[in-house]
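A.B. asks: Can you read through this structure? Questions will come right after.
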Amino acid sequence: MNLKPVLILLGLALATIFALVCVLLTRERSPRSCQHLAPEQEDTEDGQSLVFADLTAEEMSQVVWYLRGQLGVPLVEAWRAKPSENCIAWLDVQVPAKAEVLRFLDSGGARPPREALAVLYFGQQPEPNITELVVGPLPGPAYHRDVTVRKYGGKVPYHRRPTLPVEYKQIGAFLKSRVFPSAPAFMQQVMEYDGANLAAVTAAPRGFQSGDRVTWFVLFQNVSGFFLHPVGLEVLVDHSSLDISEWAVSRVFYNGQYYRDMVQLESAYVQGRVSVEKVRKAPRDGDFSSMKPRAPAAAPFPLQFEPQGPRYRVRSNQVTFQGWSFAFGMSVSRGLRLFDIRHKGERVAYEISVQEALSVYGSNCPAGMSTRYMDGSFGLGRYTSPLVPGVDCPYLATFVDTLSLSDSLRPKKRKASLCIFEQNLGSPLRRHYSNLQSLYYGGLVNSALVLRSIATVGNYDYVWDFIFYQNGALEGKVQATGYPSSSFLHGDGLRYGNRLWEHTLGTIHTHSVNYKVDLDVAGVKNSLMAHDMVFEMTQAPWSPEQQMERPRLTRKVLDTEDQAAFLLHSKMPRYIYFAANSKNKWGHQRGYRIQITSSAGDHIPEASSMERAISWARYQLAVTRRKEEEPTSTSIYNQNDPWTPTVAFADFINNETITNQDLVAWITAGFLHIPHSEDIPNTVTVGNSVGFLLRPYNYYDLDPSIYSQDGVFFTSEQDFTACEINPLACLPKTASCLPNFPPFTFDGFRNM
């Protein structure tokens, strides 16, 4: 018998068995895929949150269809409208009156009719104006009413209209076709202008008095990060006429000198009377301003994942998480906002919303020295950025699309413009290690829910966060990043900032952000309380001949709006809280404390002709009686006419009583930014974060986070390696799984 084939077959069989055993053993050791479990919390979604929901695409389309058919005037698409034509500037949801909403939410009342707010520019009228119309009911509109006079006390003049993107395009065409050709030698030899290598950036406000629409435009090299590449040329354009052919240049600035127009600059240049500072041509990637990494990719940075899936739930516009629930939305002008914020089923706040982001600049160049950007006018919601997974938000966050209708007659989807995620902050929310008397450890991880959007308004990126903690605290925070604004460095420029590159002056400026916080602490009617401390001298009871200093609690009721208005850098009680009419188990009024985190620069002097338009920034905190006729601290129309502000917050404060009333806190946080070399190429968020905290203050009988399922406690006498004693000991079993990282996607460059 020939044994060779038998031995070969036997060898193959043994090899196969060995391979199968290896596969099975490897498979047993390989981590399994993470299994998502439903959040263990009560599902409170019953559709009530939709009373606050942003407009749907269908509702927007129906409103446009209704307005085009019912107004009896031609409506041009805003992206191509001339100043002399009519257009729909944008649509937003008209949130019903608070009393109507609360009857619906709390008392079984009828659902308020759903309505839209339409902002229209009527340029083709004998008296051009801005009109605000409420259109309803949705989804099938049948009526509209003009609310402009009721809201603002009169018609809104046309010159106050926020500048649409199309107007900037028209000004760009005006510069290219009519202004730059009037200085051919200067533009070719000094600017090396080829029709596309310069970018213009607007200043604002636009002039010195009501009715002006005269804007400085700064010219930069049109490269990546162009905000850092000024060329020294600035042009003042008078675009107040509704007839574009009548637009004109009012003044020209170049390298420290002013000229009547480009013709005069050209004449002076040809005659050799211009001090020329030739700027080296930058490559298309911007060179020093490029965001491209200067180092190759290495090992991945740490990533978070949820071993059993998200512990929060998002349905429509409502989020629930660890006892929290809230509705969210995105205002076209003001950006991120929350409604009906509840903890443990009880409403804590009715509305928390961003109101405005203000920047006040200094420079020795005309545009820089006159700039006071009020970004709500440009649109904090309109310019909400698409978010990049893994950088803007954790890779496995929940991303939410939003819709808007602005500059068009058709709604547009902003992909992934909101994100929601739970974040382990890497530190304990509370803990104690006991090595005296009994031996034990108790603690709770600080894991919080974050709702985020990022608005890119020109050069700056604002990261807006609302953060929900397990102890009932809520934080509103904004972080600033993006490119610093710059001026052309000349003369005494270093009085107004730091030199960032050869010809680049990083200009000093302030950032101020205003929030509306409509707290309803254990009911709508609250009072404002102030607690603080003083040192008092006392005799030691056990030794009367000795004196000692001891801290004592001070208590004060702030009865009026004047008492509750704290100027920006004034001393403010360290504990200020909204107090309810009810008490906790220990006899204290239940409350929520306001704690502000801010390092704001100085406010513009009140003697300034435009200060009333930004008078909310006078105050670090102001508490007023809530009124439907005072829905916002400012107006989108204040930017282009701050000299006669459409809304002046200072008028809200008129010494009315605020005891046992429905109250609103208006909070201002900010910081001073003096750009420095480390702002190249980009300003970082570290150190540029401000905001506020809302913290329970005797609201509960004890810390509600003690009921969190994340708590850890074990003693020296227990087996703390046992899963049933210590949940951390379960992690090798419950968290040893492979997260599912979906393929990277980004839609931010579509439909630009």
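Please read every residue number as a count from 1 along the shown chain.
From the backbone N, Cα and C atoms, a Cβ is placed for every residue, glycine too.
I grabbed these lines from TrEMBL:
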type	residues	note
DOMAIN	77-143	domain 'Copper amine oxidase N2-terminal'
DOMAIN	163-256	domain 'Copper amine oxidase N3-terminal'
DOMAIN	304-706	domain 'Copper amine oxidase catalytic'
ACT_SITE	Asp375	active site, proton acceptor
MOD_RES	Tyr460	2',4',5'-topaquinone
ACT_SITE	Tyr460	active site, schiff-base intermediate with substrate
A.B. asks: Do you know the mean pLDDT across the domain 'Copper amine oxidase catalytic' (304-706)?
C.D. replies: 96
A.B. asks: I'm trying to understand the geometry here, so how far is the Cα atom of Tyr460 (2',4',5'-topaquinone) from the Cα atom of Asp375 (active site, proton acceptor), in Å to the nearest whole number?
C.D. replies: 10
A.B. asks: I'd like the number of other C-beta atoms within 10 A of the C-beta of Tyr460 (2',4',5'-topaquinone), please.
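C.D. replies: 22, counting other Cβ atoms within 10 Å of Tyr460 (2',4',5'-topaquinone).
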